[in-house]
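Engineer: Okay, here's the structure, questions in a sec.
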């Protein structure tokens with residue numbers, strides 16, 4: 001059995017052994033953030049004799065929660081079944097199962113996933129006569145953002161300003177009514193209603209504050225307003241709160257996460273102890289130096305003087321090319337060169353990272369052309385993305401008015417958009433270059449406006465639509481362009 005301070009460096013040991021009052025562990029990448037949390041939990045149980053039932057540990061993913069549970073069990077040599085280790089949503093769901101009836105939430109409530117709520121919102125939009133005027137995704141995002149900001153449907157209705165928000169308010173009210181009729185909560189409701197429960201029921205809040213003597217939160221830089229409020233409520237009695245985070249790794253701003261929650265920590269807890277984990281175990285000196293040269297320009301972040309005992313490693317190579325196509329062929333040649341050199345045997349040993357989803361298109365085309373197998377992580381292949389298939393449906397329908405599959409797809413995008421498309425779908429448009437045709441379609445259908453829901457995902461979809469325009473640019477006829485797409 002490992003001890004609670006096994007293999008910890010001095011910085012980590014200091015952070016683990018601090019158990020009296022709030023603490024913020026500002027941890028750089030590869031500095032052992034998870035190790036801090038697991039060893040601190042083990043230290044509380046083994047050294048401080050805190051009951052596992054008095055500890056709450058919150059993570060962002062089920063995988064991280066399971067990993068934490070297994071590591072703690074290995075450290076203390078026993079199962080931690082009575083301890084709450086889970087995601088924010090799982091923690092809130094358990095709380096509502098136990099005490100939700102106090103605010104009219106049945107213990108047997110069901111949880112609607114993404115597909116469930118998307119389907120429900122689509123039905124409400126259709127029943128309200130708004131089909132084709134607003135995308136279900138934009139409505140869903142607006143409702144989700146409101147709940148994450150702890151704004152309910154009644155308050156949203158009062159605050160709504162402008163036509164779109166008024167439509168959202170109308171659907172929001174109907175959506176919540178349908179959820180209530182089904183004894184259902186969506187994922188955002190779990191957070192929203194748990195916070196409301198604790199705020200509105202002081203006796204329940206006091207019960208949970210007494211229950212959780214120590215609270216630990218992973219990836220604090222990714223907490224949104226609702227999650228932040230939940231942590232504040234539960235920790236305000238004992239203030240034995242440990243949060244771990246790195247503002248340079250904040251990745252969930254698109255869903256309302258606010259890295260400034262870390263900056264507020266010292267104001268929220270004036271007596272908080274701040275620990276800085278600066279030793280990196282993952283990267284080479286070269287990689288770390290490059291990362292520091294970028295991060296140090298952000299003056300709002302808590303400064304971390306990152307260092308490592310690892311070697312220099314290979315140098316970073318910067319190559320400039322003339323176009324995205326040249327770049328894709330350059331990457332291909334580098335992969336082939338490294339494989340033929342004998343150092344790397346498998347294609348799966350290579351990874352290509354890019355900033356936006358739209359950039360995958362030219363890489364995919366060149367990889368397929370050159371016979372290089374690949375797997376796209378975290379998304380659909382370019383020509384399988386909804387917005388790309390939508391625009392291709394319009395183009396195919398222009399070329400062949402008997403294409404019923406494309407007609408049905410175009411109809412689903414919105415009957416008004418289809419009507420506007422058909423008004424420009426004559427021989428004159430067909431004879432234009434594909435890029436001009438696409439511009440006409442985008443303008444007539446207002447498809448970019450349809451995609452622009454104010455979210456990061458919406459922006460990504462717009463970039464994909466624009467990338468399709470870039471693909472079309474070299475072709476002189478629509479037939480040639482669609483044949484190219486079909487044969488990719």
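Cβ atoms here come from the backbone N, Cα and C positions, even for glycine.
Just so you know, TrEMBL annotations are computer predictions that nobody has curated.
So TrEMBL lists the following for this protein:
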- 1-10: compositional bias 'Polar residues' (COMPBIAS)
- 1-30: region 'Disordered' (REGION)
- 6-284: domain 'UvrD-like helicase ATP-binding' (DOMAIN)
- 27, 28, 29, 30, 31, 32, 33, 34: ATP binding site (BINDING)
- 285-488: domain 'UvrD-like helicase C-terminal' (DOMAIN)
Engineer: Would you count the other C-beta atoms found within 10 angstroms of the C-beta of residue 28 (ATP binding site) for me?
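Structural biologist: Within a 10 Å radius of the Cβ of residue 28 (ATP binding site) lie 27 other Cβ atoms.
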Engineer: By Cβ distance under 8 Å, which residues at least 6 away from the ends of the region 'Disordered' (1-30) in the same chain are close to it?
Structural biologist: 36, 39-40, 42-44, 46-48, 74-77, 214, 220, 235, 239-246, 248-249, 262, 265-266, 269, 271-283, 291, 302, 304, 306, 308
Engineer: By DSSP, how many residues in the region 'Disordered' (1-30) are helix, how many strand, and how many coil?
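Structural biologist: Helix, strand, coil within the region 'Disordered' (1-30): 8 helix, 5 strand, 17 coil.
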Engineer: Take the mean position of the Cβ atoms of 27, 28, 29, 30, 31, 32, 33, 34, the recorded ATP site. Which other residues of that chain put their Cβ within 8 Å of it?
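Structural biologist: Nearby residues not in the site list: 246, 277, 280, 281, 282.
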Engineer: Can you check which residues sit near residue 31 (ATP binding site), meaning Cβ under 8 Å from its Cβ, same chain, 6 or more apart in sequence, and list them in order?
Structural biologist: 277, 278, 279, 280, 281, 306
Engineer: Among all chains shown, work out which of the binding-site residues 29, 30, 32 has the most CB atoms within 10 A of its CB.
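Structural biologist: The most densely surrounded of these binding-site residues is 32.
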Engineer: Most Cβ neighbours within 10 Å: which of the binding-site residues 27, 33, 34 is it?
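Structural biologist: Output for this query is 27.
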Engineer: Please compute the mean pLDDT of the model over the domain 'UvrD-like helicase C-terminal' (285-488).
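Structural biologist: Taking every residue of the domain 'UvrD-like helicase C-terminal' (285-488) together, the mean pLDDT is 89.
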